[in-house]
Structure formats: C-alpha cells, structure tokens
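In case it's useful when we look at the structure, here is the feature table from Swiss-Prot:
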- C736, C739, C761, C764: Zn(2+) 1 binding site (BINDING)
- 27-38: compositional bias 'Low complexity' (COMPBIAS)
- 125-135: compositional bias 'Basic and acidic residues' (COMPBIAS)
- 156-165: compositional bias 'Pro residues' (COMPBIAS)
- 172-190: compositional bias 'Pro residues' (COMPBIAS)
- 199-213: compositional bias 'Low complexity' (COMPBIAS)
- 231-255: compositional bias 'Pro residues' (COMPBIAS)
- 273-284: compositional bias 'Basic and acidic residues' (COMPBIAS)
- 285-294: compositional bias 'Low complexity' (COMPBIAS)
- 316-325: compositional bias 'Low complexity' (COMPBIAS)
- 335-351: compositional bias 'Acidic residues' (COMPBIAS)
- 373-561: domain 'DH' (DOMAIN)
- S48: phosphoserine (MOD_RES)
- S205: phosphoserine (MOD_RES)
- T711: phosphothreonine (MOD_RES)
- S715: phosphoserine (MOD_RES)
- 171-187: motif 'SH3-binding' (MOTIF)
Amino acid sequence: MHGHRAPGGAGPSEPEHPATNPPGAAPPACADSDPGASEPGLLARRGSGSALGGPLDPQFVGPSDTSLGAAPGHRVLPCGPSPQHHRALRFSYHLEGSQPRPGLHQGNRILVKSLSLDPGQSLEPHPEGPQRLRSDPGPPTETPSQRPSPLKRAPGPKPQVPPKPSYLQMPRMPPPLEPIPPPPSRPLPADPRVAKGLAPRAEASPSSAAVSSLIEKFEREPVIVASDRPVPGPSPGPPEPVMLPQPTSQPPVPQLPEGEASRCLFLLAPGPRDGEKVPNRDSGIDSISSPSNSEETCFVSDDGPPSHSLCPGPPALASVPVALADPHRPGSQEVDSDLEEEDDEEEEEEKDREIPVPLMERQESVELTVQQKVFHIANELLQTEKAYVSRLHLLDQVFCARLLEEARNRSSFPADVVHGIFSNICSIYCFHQQFLLPELEKRMEEWDRYPRIGDILQKLAPFLKMYGEYVKNFDRAVELVNTWTERSTQFKVIIHEVQKEEACGNLTLQHHMLEPVQRIPRYELLLKDYLLKLPHGSPDSKDAQKSLELIATAAEHSNAAIRKMERMHKLLKVYELLGGEEDIVSPTKELIKEGHILKLSAKNGTTQDRYLILFNDRLLYCVPRLRLLGQKFSVRARIDVDGMELKESSNLNLPRTFLVSGKQRSLELQARTEEEKKDWVQAINSTLLKHEQTLETFKLLNSTNREDEDTPPNSPNVDLGKRAPTPIREKEVTMCMRCQEPFNSITKRRHHCKACGHVVCGKCSEFRARLVYDNNRSNRVCTDCYVALHGVPGSSPACSQHTPQRRRSILEKQASVAAENSVICSFLHYMEKGGKGWHKAWFVVPENEPLVLYIYGAPQDVKAQRSLPLIGFEVGPPEAGERPDRRHVFKITQSHLSWYFSPETEELQRRWMAVLGRAGRGDTFCPGPTLSEDREMEEAPVAALGATAEPPESPQTRDKT
C-alpha cells in the first residue's frame, strides 16, 4: 500500500494501518532502516525490473530513487541509510523474508542489488533472517509472532563486485544519424513475471521506459559505473519539487531548478512526436523497432565526463551528445549554445537552398535541357560510331589480314576459310570508315549552325542493306572459326595472339564478329530516342522519320536473311535425310512440315509406315530404308501442290483418315492421333491457299484451268490421264465395275484402271494408253477410258460386249455414290430367319429413297445384291427364346419375315434401330436420330404402322430438327 503525501507536501504523513495486501500486490515497505535489509539471502533472478529498470513501486524506492520510478505526490518510506551516490551494477535480485517489523505487517521484501553504498564503502554483514524464494507463495498472511525457521547458508559477507576500470568508463561516441524504423502497430505485452510480484500502480510516468531500457542494457552489456542524480518524474502539471526524507547524517539532495528539471525530463522520456508511436508504458519496453542498445539510456554522473544521452525520441535529439544540465557544473550552458548555433546555421543553409527559381529562368533551363538531350543523343551516335569503326578495323585489318597472310604465305589453312569467316566485312568497314563516320564528325563540329543528323542518315541508310549478307553468313562463320581452331594449330595461335592485344579488350574473335549483327538494331534504337527528344516542329523531324524507315527496312532485310538461312539449314538436313537422292536445296523452296504418317494400302487397306515431306511447291511421299549409318528415306512419289486436292475420307470405319489427291498420285493417309491429323490438314490447306494466291498474283491461272482444278477427279468432265485417279481398294469391290461379273481368285482377278482408278476384270482392261501424269508412259486402262482417250477401237474382242445397249437394272446403283448421299450406311452382319449363318454386307439407306434398304457386297460395288422395302417392318430386340451368338443384335419383322442385324458398336445399333423404325412407320428422315429418339428406341421397341405406302419416285424432304 502506498503512503499518502501530507497536504503541505513537505514531510511524510503518518503510516497507514497495516492491512493484508490484495493478491498480486507488493507488500508494504519498511518504516525505518533495517540492519538486515541489505543482507544477501536466498536470491531469485528477476525477469525484468531492478534498481534502474522497470517501474518500481514507491514503497521499494530508497531516499534517492525518485528518479527511478517514484512519482510525485507519493510517500517514500526509508529502508535504511540512504547514500548520495549509487553504483549501477549488472545484476538484480529478489530477496524475501527478513526480521519482522514492529507495528507493520511483514510481507515480501525486495533487495535491489544495483543500489549500494559509496564506491569505497563495503557492505556490512547482517544477521541471517528467514528467507524464501520469491516464487514460493508461502502462507497467505503472516503475523509478527510467526517467523519461519532460518535457512542454512555459508557464513561470511557477500563479495563486492569490483568497479570497472577507468579506461572502460569513457563515454561512447554517438552513432551516425540514421532514420529510426517505424514501430510496430501495437506495443509489446508486459512481462507476466513482473506482474506477479509488483503491486498495482497508477499510470507509469514516461521515465519508466528509460528505466526499463537500463535493465535490458545491464543484462546484455558490461557494467557501467555511474552516479545517479535524483530526477523528478513527469506530471500533468508543472513539476513540483519533491522532498525526500534524509537521515541527519546525510545532507539533503539538492533540487533542480524548474527549467533544468523539465529539460532532464524531456531528455529522459520524450513525448510522442508527429509520426511516432507512444512507447509501451505497461511493460516498460519500447517498440520492437526502436533501438535497444546501450545508447538509449541516460546517465548522470558527478565525477566522470559528461555521458551521452540517446533516449528514445526524435532523431535530432537521439543523435546529438547531450549532458544533463547541472547548475553546479560549468560548461553545460556552453555546450547547449554551441549545438543551437550549429542547428541555426544548418537551417539557414537549407533555406538558402530552397530559394525559388524565377519562372523565366526555369523555362530557359527547360529549353536548354531539350536541346542538350538532342545533342547528347547525336553525340552518343558519334561516339558509338567511333568505337564501332575501331572494332571493324580490328576485324578487317588485324584478324583478317594476319590470317590471309598466313594462308597465302605458308598455306597452313585455305584462304577460302578466311573469306568464309569474314564475308563482306571489308565493304562494311570501308563504308563506315570513309563515309558515315566522317559525315557524323563534320556535322557534330557544325552542330551550332546545323543541329540535325536526319539528312545524313537518310542519305546513307540504304547502304546498310549490305549487312544482310554478313548476317546470313554469321552462323557458318562462327562454325568455321570453331572448326579451324581445333584443326589448325597455326590458325589457333594467330587468333590467340590477336586476342591478347590491348585493342582487343580481352574479348574473343566471336564477340567482335557479333557486333556488326547488333549494329543496325542499335541505330534503330538511337534514332527512335532522337525522334522522341526532338521538339515539336523541328526541321529535322521529317528527315529523321524517313531515316528511321530506311533503317527499319535494313533491319527487316537482315532478319529476312536470317530466316532464309535458317530455312536453308532445314533444307540441307532434309537433303542429308534423303541421302542426296532429291535435289531440294533451292532458294525458292521452303520446308513446311515433315513427319511420319500411316498410309492405307489401295489393295487391302492395311496401314504402312511412311514419311511425308511437305514443301511450298510439292509433297514428297517417302518410304524408309535401312542403312549402316542410320535410317534414311527413299522418295516413292512426288505430288505437285499445283492441282492438289485435300478431302475427308467417307469411310466411317477408318477414323483419322484423309485423302490427298494430286496430278501424280492420290494417297489415303491415316494419322495416329486427332491432333496429328489436324496439324497435317492445316499445313496442307495453308500451302494450297498460298499457292493459289501466288498464281493469282502472277496471273498464271486462267478460267479454263480454274474449271479443271475445281472439278473433282472422278467426274466425267475431267480429262483422263492428266492427273492421277483416286484408286479404289480391291477389297471394297466384289464385282467388276464395268461388266458387273463377280470376282474370284482364279478366273476373275482384279485389275486397276490407271486412268479412272476403278477395279475391273481382265477382259475389261485389255487396253493400254499413254498417260500424261505418268510422263506419257503406257499404262493399263479400262475399255471406257480407252474409248475416251483414243476413240472406239476397230477390232477389239471387248468392243462387241459394249456395243449393244442393254436395259439398266434398278439395282445398278453405285454404292459409293449412294453412300455419299445417304441417311445411314455401314457394314452389318445379317441373317435371315431360318438361315444357317451370319453374312457381312454393306447396307445403305439412300436419301432419295429413304424407305428402301440396299444391300451391297462392298462399299464400291456398282450394283446392289438386293433391296428391301422397309414400310411395315417392326424394329425391336430379339425375343427371349432366341439366343444369337453375336453382340448388339436387333431384328425387323413383318408377317412371317424376320431379319437379324448385328452392328459393330452399341452406338451404331441405336442409330440403325432409329432409322429403320422411322422407315417402318413411313416417316421422312432427318440426317440422324436425336439422342432422345435413341433412348426411346433403346427402352422400348417402336410399334410398326399397319398402313403401307408406295415408294416415292422423287427424293423426300427430310425433317429439320
């Protein structure tokens, strides 16, 4: 409990009646000096707080401890003899238990180790008293009669800590001015260990932060011995003089004047400034961003030199060495006056710097700055041109000259190698050294009269196109340097000798060879910057813009040369891939795409691995061949882009297929993935489009040729023999496509007509004719094609068969034509009721006859085996007693007639059931059944209509859903 100050504030009032302290509160201090108060007992290290650290309660503060936490207006009870000076030591301890005090309630007591007697005075031993650890809660209350048994400890006084040597007590130099980082958003929490042992108190004064920082300083750094002078704590009002009770043997501590006390309080605990945070007063610790070194605290010493006061506060105060004002010490006023004079001088200098410049002067300086920027860019162009010419001189007159001399005199390596490395570097060097650089130097000398460079660049920029040849040859030149450096020792020696010279700048030959490649883009960047800095309406703007366009054209010319060289490298790789068989290295030829692909055989439809190489003018069809040096390819066919057509395959059973038809040959190709097919189709289409645009540009495509190109190859208007036909696979035909006789492997073998691509028998292909697309070589053709090419033969055994005009059967409907315009078509396995086995056939429902089902032996047959009217048939799954031996089986029934069908997939089964069900009801057809119709057909069979209708003679109109 705190004692209250007397109304007069001069002397201490009577002590309050003893009472039990509330939980967590500190016990009352002793009323008078106790010889055992300074005796060391069982000590416990305190987490935070000591004589100079953390806010201390008034009852634990000695007579001279007002500056350490005793707020004005509180009574401070003495606890023994009070010295004038205290020694600040590194340690702080807690001591509990001592002799009971008469008249006061005995509780826990704290012995502060950092408060001691004079430097030469030693601690006197005191009799042992009962002691216990601070952490031991002990009994809740104690009476004077209750006294715990004393603990045993070693006899003898506690050793005194020796003072610090004088050379270690020198004041430290202030740290340099540095901005203090911003504090955290909220203060740090108080130490819970301190809250347990300290009594509840009012709001701590700002000086508690400085005291707490002293504790941290003593715990981290060596001991600094200094004398403390009482400093009153801050108060809301004007500071009042604090009267401390002093023993009769000691003189009273002199009080500071009001002004000096305020100055010390400001230095010890400054208030918050603008933009700063208030320190954490509860914990006695500043923000984590505030410096916590030893310079934060403030010391007052009577004997030693003035210490530096670097308290937390504004940087201007924290960085200047300050001595606390002492009215009895001379020189303090002089120090303050010197500091004030220096601050005044700095403020005057800053004001002089901030004198505003008149408006007219600022405008003139801005105009001069624009002119200077333009001049600097032009001067930069000149300086970089000088450095560039020196590099060209090094390449042409040093590297190239020495290598040519060695090649011509000693023949250590061919002279062609040197010419291949340096290309036209001699012409580039002459242009820059004799033309461009002198013009720029002359213009910069006359810059005051002619401040422009656009006219010079406009005149000489077209000559920069010569860089295209050098850039195109750069990769080959670097490769030659690397190759001959390893192959020829003398070549390597010359290169290394030149690279060691000072003019080379410790760079390799390859680095210097790269500079001409980078020079034109640098011209472009400098000229763009020059145009940006030119003032509006400058006379040089037009010439500079024109020069920029010419330089950009030269840069594009160089880039085009680079791209052309890259294309040439690709052509060379393909040339090596083909083993030199095909002459494809040409400036006009460009590689578009290459890669593996599957080719479908024209006879049996098997897949074969092939390699396609697409150029801008032709397609190479290659087959792989094995060699000792690796896999190479041989060209099997060459298809020109002129006249090439790309089609999608109509065969549903072969996914990812497409057809390439050209004048020389037609190929049916299959990709391994959908992405691969998409890439090939896109590449071929883009090539065809570019070729068409080229023909239109040069007006080489007339109207007649356009009709021939736009006409499908198999149409009757095509001139036979001028382009390769699309061959029909032999397995897709079961009969001769001319005489309609069925094939067999012995008497009726299959042959292909090289003019139309149809599959015919031997009797129908006895003629031979020269075909234009095959370089006028003789090929087997059918009778109809021979008649179209050469007219009716005079004596031909096959001619008599075609002379009489026979009546055409209703079944003579070509399957391929019907399939192209059909509602649905696919292979199905079928079996009639009572049949012995399943048969495979090609079924088609044509669009022009949607109520009739045609059955073909193969997709390319010219005549159907039979036809089946669908009206009146009911579609449904097989009955429970019928156990077909195939999957996805459904049947159509009418009266006593039943047909069983088995598609390959379940999706195909749903589509066929939907189409046949609608045809059985006599409905018209849409291109394909909807998903809802498929589900309805899957869930329940469709009831057939009893009415019948005649087959329509004209094509039916389909419903559009």
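Just so you know, glycine gets a Cβ as well, placed from its N, Cα and C.
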Taking 8 Å from the centroid of the Cβ atoms of C736, C739, C761, C764 as the cut-off, which other residues in that chain fall inside it around the Zn(2+) 1 site?
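Apart from C736, C739, C761, C764, the close residues are M735, M737, R738, Q740, E741, K748, V760, G762, K763, S765.
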Any same-chain residues 6+ apart from C736 (Zn(2+) 1 binding site) with CB under 8 Å of its CB? Would you list them in sequence order, or say none?
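Same-chain residues close to C736 (Zn(2+) 1 binding site) (Cβ under 8 Å, separated by 6 or more) are P742, F743, K748, V759, V760, C761, C764.
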Which residue counts does DSSP give the compositional bias 'Pro residues' (156-165) for helix, strand and coil?
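Taking the compositional bias 'Pro residues' (156-165) as a whole: 0 helix, 0 strand, 10 coil.
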Under DSSP, is C736 (Zn(2+) 1 binding site) helix, strand or coil?
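SS state of C736 (Zn(2+) 1 binding site) = coil.
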I'd like the number of other C-beta atoms within 10 A of the C-beta of C764 (Zn(2+) 1 binding site), please.
23
Counting other CB atoms within 10 A of each CB, which of the binding-site residues C739, C761 comes out lowest?
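Relative to the other binding-site residues in C739, C761, C739 has the fewest Cβ atoms within 10 Å.
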DSSP on C764 (Zn(2+) 1 binding site), three-state: which is it?
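Assignment for C764 (Zn(2+) 1 binding site) reads helix.
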Across the domain 'DH' (373-561), what does the mean pLDDT come to, as a whole number?
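Summarising the domain 'DH' (373-561) by its mean pLDDT gives 91.
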